[in-house]
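K.L.:
Before I ask anything, let me first share the structure, which is written out below as structure tokens.
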Amino acid sequence: MGKIIGIDLGTTNSCVAIMEGGKPKVIENSEGARTTPSVIAYQEDGEILVGAPAKRQAVTNPKNTLYAVKRLIGRKFDEKEVQKDIGMMPYQIVKADNGDAWISVRDKKLAAQQISAEILRKMKKTAEDYLGEEVTEAVITVPAYFNDAQRQATKDAGRIAGLDVKRIINEPTAAALAFGLDKGGKGDRKIAVYDLGGGTFDISIIEIADVDGEMQFEVLSTNGDTFLGGEDFDQRIIDYIIDEFKKINGLDLSKDAIALQRIKASAERAKIELSSSQQTEINEPYIAMANGAPVHLNLKITRAKLESLVEELISKTIEPCRTAIKDAGVKVSDIDDIILVGGMTRMPKVQETVKDFFGKDPRKDVNPDEAVAVGAAIQGSVLSGDRKDLLLLDVTPLSLGIETLGGVMTKMIQKNTTIPTKFSQVFSTADDNQPAVTIKVFQGEREMAVGNKALGEFNLEGIPPSARGTPQIEVTFDIDANGILHVGAKDKATGKENKITIKANSGLTEEEIQKMVQDAEANAEEDKRLKELAEAHNQGDALVHSTRKALTEYGDKLEAGEKEKIEAAIAELEEALKGSDKAAIDEKSAAVTTAAQKLGEKMYADMQAQQAAGAAGGDAGAGDAGHSHADSKPQQDDVVDADFKEVKDK
């Protein structure tokens, strides 16, 4: 059985880890970095760049460079969070036929799952390069507060990338696994995982217990905000820079895509620098033109200023913390350790806010960028059976229910219920002789169904005619270990039933997923074709160079006709190398090799002659050694002398 890898698919950065010799290992990517920017760029020639190369060219290609795509995964175009992003992102967010938020790139509409799959493919390749074998199975992490549609979409992204997603695991839970196995001492303890990443915020209260030598991780509660993270912090700085520049120069940079991309890079840099210094300078020369002259952006920003810009965002994380503590049935003083996860937790003000709320310093010995991927790899080793001393009990983050008479949300499974779980309840009809019922499934905490997230609907037909309230329809909710919901309805009188795996009533259809899988495979084929073409080019170039060199040295030993034949073959190969037809390059390379055969024979004969002459000279030298060294060749003489002296010196 191959390795099950652990992937942290992040909004800003992604990371991949494996278990090796019982220990987790984070794998460096092809650029030598342990994390990969979650950035994808679509080039004019059809090439797709992922990670650092994509991020580097973002300034010159803003409309086709996609980042923070995780904020759109499993979301509808009309959701207010998506509408907010439309005004902020340089790329074009569009409405798909199924109502989802997709992205338009180079006249093609792409689903967030398809784009995220490119990052997952890069993570898969990173692991394969390290292991030297194909990887097909993975555990992928999601924010704990992701709803069913977002989890399903993440799983679909894995499929498109060619991965069998063995488990979807919550990010804070993964971080707790990494902490518990590495730093967690003996005995029972309660920990809070505060996870503020690039696009999402989660808080989970987790109990780590030692049960008969087995380490048990039980999630007591979870809460969060799937649209709050580092990207929002960056946006506050971007808005501030644009406003200040406008005040000083009277120019509005918010409509200039290239200027915006430069400001975004500067804002992110400034945010990171202000975690370790009190002041930084934002310096972007030639940012705009005014009256035919260039205008430069030069602005000092202090840590205090940054904190005032983002204070409201940081305080937005505290209410979910309060709710999570309450839902877990514990007091703040019961928490033994606070684990910080996500790059944003490096910000001193965030650490200070967490300390003020929990009344103790958060731990600093967990790597906020890598802990989640490490936890995913640990869970992978549990699923593959390599590790048996560990049990993970996670929860569903939001209540699940169906719409009943009057638009009421009747909750079937309450939030923070340990998963996997199953629950059944009997319902009846609202009208006389009602032949069918529509089961509408919702997720959320509001009392009325319309205020919650609609996950899907299906019909149960063929109910025998009877008075309202008579038929007995049993509705069953079943949540698997991935947190994905399966719903069934059964008419107890007839035994008729209907079941569905809830997919967002938008979501991707099986046909769409299959098509995207094929597209991804075609891309892989195209990558392979380009690689083979590059290799053929390199070999062709090397052949031209070596044949030319040999022709210069030994060409005078050839007949004129043979020499011309070789030169003509080289010229044809050079012409083929200007194009991109691998078959033509291979054919012309073979022709050069055939034409240069006589040249090779001449070179070989020449070398043989030189060696023979050298050997003959050596024999003569050896025979005369007893009489006089002067008779042999000078270099032979040197060799013999050296040997002779070595022995003498001993």
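Placed from the backbone N, Cα and C atoms, the Cβ positions cover glycine too.
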K.L.:
Could you check which of 522-564, 608-650 is flagged in Swiss-Prot as region 'Disordered'?
P.N.:
608-650
K.L.:
Which of the three DSSP-derived classes (helix, strand, coil) applies to T200 (phosphothreonine)?
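P.N.:
T200 (phosphothreonine) sits in coil per DSSP, no helix or strand.
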K.L.:
Counting every protein chain present, what is the number of Cβ atoms, excluding its own, within 10 Å of the Cβ of T200 (phosphothreonine)?
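P.N.:
So the number of other Cβ atoms within 10 Å of T200 (phosphothreonine) is 27.
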